[in-house]
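Here is what Swiss-Prot records for this protein:
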- GLY82, ASN113: anthranilate 1 binding site (BINDING)
- GLY82, 85-86, THR90, 92-95, 110-118, SER122: 5-phospho-alpha-D-ribose 1-diphosphate binding site (BINDING)
- SER94, GLU227: Mg(2+) 1 binding site (BINDING)
- ARG168: anthranilate 2 binding site (BINDING)
- ASP226, GLU227: Mg(2+) 2 binding site (BINDING)
Amino acid sequence: MKGMKEYIKKLEEGSDLSSEEAEAAIGEILSTAEDEEIGAFLLALRAKGEKPQEIAGFVRGMKQAGNTIKPVTPFRVIDTCGTGGDGLNTINVSTAAAIVTAAAGVPVAKHGNRAATSMSGSSDVLEALGIKVDLTPGQVRKTIEKIGIGFMFAPVFHPAMKRVAGVRKKLGVRTVFNILGPLTNPAGAKGQVVGVFDKKLCEPIAYALAELGTEHALVVHGDGMDEISNTGETFVAELKDGEVSTYTITPEAMGMLRAKPEDIKGGTPKENARDLLCIFKGQKGPKRDLVILNAAAALYVSGIVGSIRQAIPIAEDAIDSGKVMVKFNQFRNFTAELSIQGKKEGSCPGEAFLASSDTSVLSPASGEKA
């Protein structure tokens, strides 16, 4: 069996690792490898460039080393997650889009972490909104099944990642770990919208997702953002039915006005939380349009509509009808109850809240409760 030294040598020679070798390497990195070996491996891989089978192997290895859940849901579970690192400091688009998507009836297993390069990460803004993010895996599964949305806080689900934190900080450059987060969804989401900080990553990540068994995914880079953009063109690598295709979309093609970058700027977690609440309550403008575009993409990969454009009215209605605020309040209240009382083994302390609330999932495709 090969070890880290062999993997490092192979990478330094410019050769690609097989998916199995990549999986074994990440297993060593997250367990027994020395810091010097980890640093050399990451730098050699960065110099060579990551290939789809390597990315897929790393993802498998990370999932093996972490915690996973299998929520039972009426529809395909989806995730909206970006790599971050675009340096544009927008509002928390994928987090807002996740709540809108859940309000439209699609179960969401949102994966995220604290801010690394921006002022506000997904967990930061959720905490500012009063949502508990440090739930156990079992509690998150209950939240997805009962409410239709759950947040999987990366340190809870990938505790072994703390082994590489020091090395990554010391290296001071982007490594493969900067792109693995959105791909290691602990709930095994089969539909994904993945935002990336570099257009060149779109196709390799789409092919990696294909190898990992993802059913439908959009890997996007929009006008410098790790989101679908309403300020310019968005490059998309779409994985569907095992095939990857690429194309570009514009705000105008989606029936939306083109915005200016300053119109969608974010701020601190509290400032972004305020912006998200305004959007949820129906305030119109470029920030709402940006959230709707990305929620529509999530609805598309869920399989309930045939295109992003077809999903836009569904996302708009979820906000304007008040469903989004209802879903947000359910999410906040249920996670609060679980956080306070959920340590009792085998109990589901949110049942009292559920009994007094209409939390049934409404299918936008049929209008029937499921």
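Note that Cβ sites are derived from N, Cα and C of the backbone, with glycine treated the same way.
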If you count other Cβ atoms within 10 Å of each one's Cβ, which of the binding-site residues HIS111, ARG114, ARG168 has the most?
HIS111
Counting only residues 6+ apart in the same chain, whose Cβ is under 8 Å from the Cβ of ASN113 (anthranilate 1 binding site)?
GLY121, SER122, SER123, PHE153, ALA154, PRO155, GLY181
Can you grab the distance from GLY82 (anthranilate 1 binding site) over to ASP226 (Mg(2+) 2 binding site)? Cα atoms, rounded to a whole Å.
6
How many other Cβ atoms sit within 10 Å of the Cβ of SER94 (5-phospho-alpha-D-ribose 1-diphosphate binding site)?
28
Packing count at THR90 (5-phospho-alpha-D-ribose 1-diphosphate binding site) (other Cβ atoms within 10 Å of its Cβ):
23
Rounded Cα separation (Å) that holds between ASP226 (Mg(2+) 2 binding site) and HIS111 (5-phospho-alpha-D-ribose 1-diphosphate binding site):
15
Give me the count of other Cβ atoms within 10 A of the Cβ belonging to GLU227 (Mg(2+) 1 binding site).
30
